Amino acid sequence: RICYNHQSTTRATTKSCEENSCYKKYWRDHRGTIIERGCGCPKVKPGVGIHCCQSDKCNY
C-alpha cells in the first residue's frame, strides 16, 4: 500500500507500507487544525478525528 505520510504543514510525501490501510487524523490546538497522515489505522485519543482507508494514496 502507498500512503501519504506528511503533516499538514509539510510538503506531500508518500511511503510504501506493509499495512493494508492508510490514515489521516486531525485535531485542533493553538496552531489551528493539525492533520497527520501515515500507514495503518491507529487508535486515537478522544477529540482526535481519524479517517482510515484501504487504497493507494487514499489518505490525502
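Each residue, glycine too, has its Cβ placed from N, Cα and C.
These numbers come from a predicted model, not from an experiment.
Which of CYS41, CYS58 pairs with CYS52 is settled by Swiss-Prot: its disulfide partner is CYS41. The disulfide partner of CYS17, as annotated in Swiss-Prot and taken from the candidates CYS22, CYS39, is CYS39. CYS41 (disulfide bond) has none of the disulfide-bonded residues CYS3, CYS17, CYS58 nearby, counting only those with a Cα within 10 angstroms of its own Cα. Across the structure, CYS17 (disulfide bond) and CYS3 (disulfide bond) are spaced 7 Å apart at their Cα atoms.
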